[in-house]
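**Q** Please find one structure pasted underneath; my questions will follow.
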Amino acid sequence: MVLLSKPTSEQYTYVRNNMPITFSSSIPLVDLSKPDAKTLIVKACEDFGFFKVINHGIPLDAISQLESEAFKFFSLPQTEKEKAGPANPFGYGNKRIGLNGDIGWIEYLLLTTNQDHNFSLYGEDIDKFRGLLKDYKCAMRNMACEILDLMAEGLKIQPKNVFSKLVMDKQSDCLFRVNHYPACPELAINGENLIGFGEHTDPQIISILRSNNTSGFQISLRDGSWISVPPDHSSFFINVGDSLQVMTNGRFKSVRHRVLANGIDPRLSMIYFCGPPLSEKIAPLPSLMKGKESLYKEFTWFEYKSSTYGSRLADNRLGNYERIAAT
C-alpha cells in the first residue's frame, strides 16, 4: 500500500488547468523497421527534441512482466521500500527529487546500470524483479545504440557509432529509473493539477521512456507551450538530452518535459538514461560544425553531471556553458 501523505499546497506545486487535457496528434512517429527512420529521427530531434518509436523489437510480455513486478515493489509497506533507500543518489526515494528542494507526487527507484545489485531488498519476488530489470536494461542499451546509429546516419557523419560508442563503453554512466505516481483523488483541487515530476531537461545524450497507459506526461514546444503526450504502453518515447544538444552544436535541442499526477489512476514509467563515461569530453562534433562557431564551451560529463546536482530541476543548466546564445 502506498503511503505518500495527502498533498498540501505548502508541499507541492500545482498547475492551473482550466481546460480538459487534450492529447497532441503532432508527436513525431518513427518506425524503426522502415528505411526512412534515420531521416525522421533527425527531423524530430530538430523540431521537437522528442519522438515516439514503434516496431522496436522489445517483446511486450517482457515489458508487462517488469511493470507488474514494479507495481508489486511499490505496493510493499513503506518500511520495506525504505530498506532500498535513501536515494543518495541510488536506491528508493519518495517526494524529494534531488538535493535542492524539488518536490513531486512520486516515489521511485534510481539505479546504475553498471552493477547487478544496486538496491538492497531481497526475497523471491525482489530477486525476480532484479532479474527482469537486468534484462530490460540490456534491451534498452541495445535499442539506444540502434537509434543513435540511425541518428548518425541521418546526420551523415562518421563514424556511425560516434554516439553509440559512448553508451557501449564499459565506463558509460547510464542510469535506469522507475517512477511511480500514485493515484490520489484529492488532486482535483480548485481546477489545478499536481506536479508529479517538475519541468526539466535530461542532461544525458538521450533517454528512453516507457510508461503504462496512464496520462500525465507533457513536453514543452519551442514557443513555451505545453502539450500532453498520448500514453501508449506498447511504444517508447525518446528525449534529446543536453549532451546531445551540445554535440550537435544546438542543431538538436533537449526537450523540456514534466509529469502531472493523475487523480484516478497510478502512473508507472521506466526511463533509461544514456550517459557517457564520466571522463568523456562533451563538445560540438567537428563534423557538424562546417565552419560554424561553437555555441558551447567544452566540458567533461563529470563536470556537467556535478553541476546538475547543484541546480534545481527547472534551471537552464547549459547556460553556464554557452559561448553565445543558442537559437
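Yeah, the Cβs are placed from backbone N, Cα and C, and that goes for glycine too.
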**Q** Swiss-Prot records His200, Asp202 as Fe cation-binding residues. Which of His233, His257 is assigned to the same site?
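**A** Looking through His233, His257, the residue Swiss-Prot assigns to the Fe cation site is His257.
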**Q** In the domain 'Fe2OG dioxygenase' (171-276), how many residues does DSSP assign to helix, to strand and to coil?
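**A** Split by secondary structure, the domain 'Fe2OG dioxygenase' (171-276) comes out as 9 helix, 48 strand, 49 coil.
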**Q** Can you give me the Cα-Cα distance between His200 (Fe cation binding site) and Arg267 (active site) in Å, rounded to a whole number?
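**A** That comes out at 19 Å between the alpha carbons.
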**Q** Determine, for the Fe cation site, the additional residues of the same chain whose CB lies within 8 Å of the mean position of the CB atoms of His200, Asp202, His257; present them in sequence order.
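**A** Going along the sequence, the neighbours come out as Glu199, Thr201, Ser207, Asn239, Ser254, Val255, Arg256, Arg258, Leu313.
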**Q** Counting across all protein chains present, how many other Cβ atoms fall within 10 Å of the Cβ of His257 (Fe cation binding site)?
**A** 23
**Q** In sequence order, which residues at least six apart in the same chain have a CB under 8 Å from the CB of Asp202 (Fe cation binding site)?
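**A** Counting only residues 6 or more apart in sequence, the Cβ neighbours of Asp202 (Fe cation binding site) under 8 Å are Asn239, Gly241, Asp242, Ser254, Phe273.
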**Q** Which one of these recorded positions has the most other Cβ atoms within 10 Å of its own Cβ: His200, Arg267?
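**A** Of His200, Arg267, the one with the most crowded Cβ is Arg267.
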**Q** Between the Cα atoms of Arg267 (active site) and His257 (Fe cation binding site), what distance do you get, rounded to the nearest Å?
**A** 16
